[in-house]
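Some notes on the structure that comes next.
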Amino acid sequence: MPATWIVLLVLALAVTGYVLGRSRALKSAGGDSRNLHSLPRYYGAHVLLMTLVPALGALALWVILQPLIVDNAISAGLPDSAIPEASTRGLVMSDVRRVADGLDLAVSEGTISAEDAASLRPEFNNIRDRLGEVGVALGSDVSAPVLKAAQEYRRASSTASLLMTITVLAIALLGFGYALSRTNGEFRARNVVESGIKALLVAAASIAILTTLGIVLSLIFNTLEFFKLYPAWDFFFGTTWSPSFGGGSELGILPLLWGTFYISLIALAVAVPIGLFSAVYLSEYAPRRIRSIAKPLLEVLAGIPTIVYGLFALLTVGPLLLKVFGDGGLDWMQAGTAVMTAGLVMGIMLIPFVSSLSDDIINAVPQAMRDGSYGLGATKSETVRQVILPAALPGIVGAILLAASRAIGETMIVVLGAGAAARLSMNPFDAMTTVTAKIVSQLTGDADFASPEALVAFALGMTLFVITLGLNVFALYIVRKYREQYE
Amino acid sequence: MYDAPTLERDVTEAKTKFSARNVQVWYGDTHAIKDVNVEIEDNTVTAFIGPSGCGKSTFLRCLNRMNDTIDVCRVEGDIRLDGEDIYDKKVDPVQLRAKVGMVFQKPNPFPKSIYDNIAYGPRIHGLARSKAELDEIVENALRRGAIWDEVKDRLDAPGTGLSGGQQQRLCIARAVATQPEVLLMDEPCSALDPIATAQVEELIDELRANFSVIIVTHSMQQAARVSQKTAFFHLGELVEFGETGHIFTNPEDERTESYITGRIG
Ligand SMILES: Nc1ncnc2c1ncn2[C@@H]1O[C@H](COP(=O)(O)OP(=O)(O)OP(=O)(O)O)[C@@H](O)[C@H]1O
Ligand SMILES: [Mg+2]
């Protein structure tokens with residue numbers, strides 16, 4: 001039975017359980033809910049949860065584990081002779097899976113009958129062609145052991161699926177029966193449901209944390225793999241970035257970090273003053289009508305996809321800068337793509353980010369604080385400078401650091417606006433590139449994933465991750481420190 | 001404790017400081033102050049009394065245009081300070097508020113050190129020419145606010161870290177430090193113990209020599225102790241205004257009488 005049907009069945013059982021549990025509890029109290037320990041709906045919810053959660057948990061676990069276990073079992077059963085030279089067990093297993101999937105498909109489309117699929121012999125039936133008919137392309141003819149393994153694979157999978165259906169439904173029924181049997185007026189359903197809900201929330205939180213952990217671990221392992229092929233010292237302190245897929249590449253991160261840093265700096269130099277000042281204007285000076293128009297407009301700016309900003313950099317800002325600083329003008333700039341172009345556009349992208357965060361923070365400063373200052377005869381700007389901004393400072397610093405981590409992680413604008421040359425230069429009108437842009441270019445194309453040229457992407461990602469993590473931790477620290485002082 | 005009999009208070013022929021004519025205040029559609037007329041004299045302590053929500057704070061905030069900061073608030077009528085219409089277009093509310101200081105109903109110290117809280121006004125208005133002078137102003141204000149002894153060793157500590165009553169006195173000291181001509185005090189003693197209350201009342205009496213003081217209070221005894229004039233507000237109207245002794249011994253309106261004898265409130 002497919003998993004969808006199992007889920008629907010369990011759901012139906014759970015809903016029935018809700019109704020039954022509720023009415024059973026009411027009946028045990030003689031129809032008067034005041035005699036119950038908890039509200040009737042808690043008894044219903046108790047049965048519902050007991051039916052649903054263990055069964056669906058088991059289903060999820062099973063769906064994840066079954067392919068792993070079946071795979072292992074079949075793989076162990078493959079004779080060594082079935083593995084051709086210059087191939088690995090893993091590659092052969094992926095053939096096995098393809099054939100098994102192909103047979104499944106053929107059976108479901110009716111080109112092969114179910115019995116035939118189980119008893120096909122490679123010597124007699126042209127399997128490759130017959131699978132090709134249903135759209136499964138195989139690289140070579142199917143050898144006898146592979147076919148045998150695929151047939152076994154199908155058999156094991158279908159047995160396992162049957163077993164899964166039975167187990168899950170049994171667990172659901174057990175939970176249903178157990179919960180219903182415990183339902184009576186004395187039973188503390190509310191407490192049980194409360195702790196059940198808490199467990200669900202904990203599970204959700206742990207999934208989020210475990211996923212993050214998984215990503216970080218995979219980053220770390222691949223980075224270590226990279227450092228086995230390429231010395232860490234040369235990576236962190238090398239000043240040249242020139243990958244060549246033929247070998248002998250130089251993969252120094254410094255030019256990329258410098259590009260990232262330089263572009264982010266220009267972006268922040270644009271975004272922080274403009275964003276902050278517009279936030280102050282909007283929250284302290286603007287009449288209500290202007291505020292109600294301007295604030296949504298600014299937020300629209302935040303909704304523009306970064307690729308559009310990238311186009312804007314490439315087609316508008318770059319040529320404009322070139323006209324002023326290029327050949328015809330000051331002659332500092334060779335091409336439209338430059339640190340300045342990307343930095344300016346990224347700054348524009350960050351303005352709404354800074355301003356809307358700061359605006360919220362400034363608005364959170366209590367009105368009493370303003371009253372106190374105005375009441376002493378302070379002007380608006382004095383109040384803003386001496387009372388509101390200091391009170392809002394930790395939040396604003398946090399907002400700026402968040403903007404900085406966005407600038408560091410930004411890719412599209414850099415790819416389109418800053419060029420692709422990795423370079424250590426002080427001239428903001430030179431083309432440079434950043435860590436993120438290089439991660440993209442290292443992984444696109446026909447890279448061999450085991451080469452240092454591809455693995456370096458993980459090391460770059462890891463470095464970036466550590467930097468943004470550091471920034472965020474620092475932001476939190478600042479916010480905490482000042483909060484303690486002021487509250 | 002300080003508790004001078006009201007009748008001995010000399011009310012010399014003082015000149016008018018504030019004069020309000022037909023003042024109306026609306027918060028959106030709520031009519032919070034209805035047609036109030038009142039003359040507030042210089043060198044006098046005037047008490048505003050009345051049940052909660054009757055508009056005492058609202059009227060007080062009209063006198064230094066603090067209501068300008070509330071979007072929905074609309075003030076009509078004529079309020080004059082020393083004969084000058086304070087709602088005139090030419091008048092700068094910032095300057096007005098420097099002259100008419102205010103202590104708010106809820107203590108609102110700035111998230112700064114105690115010293116900077118007090119020095120805020122003097123710095124803005126350039127009252128001190130040197131650091132030493134500023135130190136002196138700060139110490140003086142804190143002494144008058146009856147809080148010097150408690151904070152003199154921790155002037156660098158944040159003002160928000162003080163207790164509620166200490167914050168209230170800090171705010172009084174902060175208002176005094178700016179050296180206003182009129183001081184508006186909205187329930188300045190609501191969180192103070194009897195000793196601090198007595199000290200603040202002493203300060204109010206002292207201020208009377210140079211300033212005009214208006215104090216909102218829920219304590220009849222306090223009104224009787226510190227004020228020479230009392231105004232009784234009820235549901236946005238000024239019901240009765242006159243000499244404190246007269247109002248407390250011989251009220252003309254029966255609403256005033258019920259309120260001070262504790263029957264409405
Ligand atoms: N900011 C505001 N917005 C709308 N209505 C307000 C506002 N401030 C006060 N009001 C209304 O105006 C009326 C008078 O309020 P006010 O604060 O002046 O009362 P009060 O006499 O000071 O009361 P209390 O003794 O409790 O401080 C009340 O009905 C109140 O609901
Ligand atoms: Mg009030």
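Cβ atoms here come from the backbone N, Cα and C positions, even for glycine.
Panel annotation: around the transmembrane segment (A:45-65), residues 3, 6-7, 10-11, 13-15, 17-18, 20-21, 164, 167-169, 171-172, 175-176, 178-180, 182-183, 187, 189, 192-193, 196, 200 of the same chain, lying at least six beyond its termini, place a Cβ under 8 Å from a Cβ of the stretch. The annotation transmembrane segment is assigned in TrEMBL to A:45-65 (among others).
If you look at the transmembrane segment (A:160-180), the same-chain residues 6 or more away from its ends with a CB under 8 A from one of its CBs are 1, 6, 9-10, 13-14, 17, 20-21, 24, 46-47, 49-55, 58-59, 62-63, 66, 69-70. Under the heading transmembrane segment, TrEMBL lists A:160-180 (among others).
Here TrEMBL flags A:200-221 (among others) as transmembrane segment.
The domain 'ABC transmembrane type-1' annotation in TrEMBL covers A:257-475.
The transmembrane segment feature in TrEMBL is assigned to A:260-285 (among others).
Look at TrEMBL and you will find A:297-320 (among others) tagged as transmembrane segment.
The transmembrane segment annotation in TrEMBL covers A:332-354 (among others). Sequence-distant neighbours of the transmembrane segment (A:332-354) (same chain, 6+ residues past either end, Cβ-Cβ under 8 Å): 259, 262-272, 274-276, 278-279, 298-299, 301-302, 304, 306, 309-310, 312-314, 317-319, 321-322, 325-326, 399-400, 402-403, 406-407, 410, 413-414, 416-419, 427-432.
For A:387-408 (among others), the entry in TrEMBL reads transmembrane segment. When Cβ-Cβ distances below 8 Å are used as the criterion, the transmembrane segment (A:387-408) is approached by residues 260, 263-264, 267-268, 271-272, 275-276, 280, 284, 346, 350, 353-354, 357-358, 361-362, 364-365, 369-370, 372-373, 378, 435-436, 464, 467-468, 471-472, 474-476, 478-483, 486 of the same chain, each at least six residues removed from its ends.
Residues or ranges marked as transmembrane segment by TrEMBL: A:454-479 (among others). Long-range Cβ contacts of the transmembrane segment (A:454-479) within its own chain (Cβ-Cβ under 8 Å, at least 6 residues beyond either end) map to 216, 219-220, 222-223, 225-227, 229-230, 235, 243, 251, 253, 256-257, 260, 394-395, 397-398, 401-402, 404-405, 408-409, 435-436, 438-439, 442-443, 447-448.
Below 8 angstroms of C-beta separation, residues 278, 282, 335-338, 341-342, 344-346, 348-349, 351-353, 355-356, 410-413, 415-417 of the same chain, each at least six residues beyond the ends of the transmembrane segment (A:297-320), sit close to that stretch.
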